[in-house]
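Chemist: What Swiss-Prot records for 116, 117, 118, 119, 120, 121, 122 is ATP binding site. Positions annotated as meso-2,6-diaminopimelate binding site by Swiss-Prot, on the basis of sequence analysis: 390, 414, 415, 416, 417, 465, 469. Residues or ranges marked as N6-carboxylysine by Swiss-Prot: 225. Look at Swiss-Prot and you will find 414-417 tagged as motif 'Meso-diaminopimelate recognition motif'.
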């Protein structure tokens, strides 16, 4: 677009830059087109500067490249008539550059960030739904996808590149979004993908084992999450006081809102707070009574399990802290919809209840099983596996949890990737006291089918790990498969 100009874009950092109109900002030279700005970053796997000739051949208007080797910060060169501006620490600056390029979209809507191991998707979706019920135009960004509510487009990563994030936010603002709830991953924080965003509020859900193949240990993982509050424009902090890490952080964040289901709040010690005073679980969800700095209330929820009550309370506390009226939030709470693939319930007359959930960490699996147990009067089945080419340490932990909390654990495949499926299953079984108690069924579709066909009417069958995903990765192939579709089809056929 003509209103994007290279000189204006770089004004805070570099002087004497030529005035060039810019169309789009791209990190991938393969999609660069005439009039684009190509940004050549040095990544973990590739050096974008190697692709500068390709970008020039494709007609880009200008290039910004990492200042390394013989180039200095702020240096301007020209290659085949194309200006190349070198900036040091380009990855760290990318969010700010993209923010300027897309006219600071986080200033144009109310943006809430949600970080934590589990609960990010449900909390963001509930928050956006709730804000929309109160008159906002809600949008979400995260694992399930990006977009206005009801018009979400699938994504590859929880948090896209720094350019993607600003581009998507700009698009949402352009579509009329006034409120956006965004999942913020630990990878995204460490890699500076959201460093220039202006969050109105930042929510911490919990911290448990995940991504240790990337972070190395829990200390580094916690430090990555803490970056949202220590180095970002986090706005109002909303912290889960039931989490041990959350309680540590509350001690460092005196203005944070503390949220609890387990009475981990002393109103004399914290600033503002919200806590559940009573939760009644029933067949169709839960009745939640709460007290808070803003007053008391009762909400009927269609969500399953204690952790979803926690997610709902975090969403409620965030909206209260952003000055949405308590009475309107209470009056609309019953209209909140369960989230796709997150403790999503499938039923048919006379058949077992099937619950599809994304739980793929030890903590999430334990919580999903505990949640399902609250609504189960018969046997609790758990069909699950672990991803290949990922953190192997969690496999025996998940095996132990399934054995402890399910009546009938069924171990199967879940994106084995390049690993041998049976080897992954054996790693899971190694965590069980009595591996012979578990049913082993290689091939996820067969495992799910067998469980649903064999379960009785008052049983609950938890299908854990895939949630909203509609694929299975075997070797290098991405095959069509969905727990949700399989469950719906089987119950429909059985009914």
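Yeah, the Cβs are placed from backbone N, Cα and C, and that goes for glycine too.
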Chemist: Per 10 Å Cβ neighbour count, which of the binding-site residues 414, 469 ranks highest?
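Modeler: Counting Cβ neighbours within 10 Å, the top one is 414.
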Chemist: For the motif 'Meso-diaminopimelate recognition motif' (414-417), would you mind checking the mean pLDDT of the predicted model?
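Modeler: A mean pLDDT of 97 is what the predicted model shows over the motif 'Meso-diaminopimelate recognition motif' (414-417).
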Chemist: Compute the mean position of the Cβ atoms of 390, 414, 415, 416, 417, 465, 469, which form the recorded meso-2,6-diaminopimelate site, and then list in sequence order the other residues of that chain whose Cβ is within 8 Å of it.
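Modeler: Not counting the recorded site residues, we get 360, 385, 386, 387, 388, 413, 466, 472, 473.
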Chemist: Among the binding-site residues listed here (117, 122, 415), identify the one with the smallest other-Cβ count within 10 Å.
Modeler: 117
Chemist: Starting from the ATP site formed by 116, 117, 118, 119, 120, 121, 122, give every other residue of that chain whose CB sits within 8 Å of the mean position of their CB atoms, in sequence order.
Modeler: 114, 123, 183, 205, 206, 311
Chemist: Select the closest residue to residue 121 (ATP binding site) from the following binding-site residues, measuring between CA atoms: 390, 414, 415, 469.
Modeler: 469
Chemist: State the count of C-beta atoms found within 10 angstroms of the C-beta of residue 465 (meso-2,6-diaminopimelate binding site), not counting that atom itself.
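Modeler: Its Cβ has 27 other Cβ atoms within 10 Å.
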Chemist: In Å, rounded, how far does the Cα of residue 414 (meso-2,6-diaminopimelate binding site) sit from the Cα of residue 118 (ATP binding site)?
Modeler: 18
Chemist: DSSP secondary structure for residue 414 (meso-2,6-diaminopimelate binding site), reduced to helix/strand/coil, please.
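Modeler: Going by the DSSP assignment, residue 414 (meso-2,6-diaminopimelate binding site) belongs to neither helix nor strand, so it counts as coil.
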Chemist: What is the nearest of the recorded positions 225, 390, 416, 417, 469 to residue 120 (ATP binding site), using the Cα of each?
Modeler: 225
Chemist: Cα-Cα, whole number of Å: residue 390 (meso-2,6-diaminopimelate binding site) versus residue 117 (ATP binding site)?
Modeler: 16
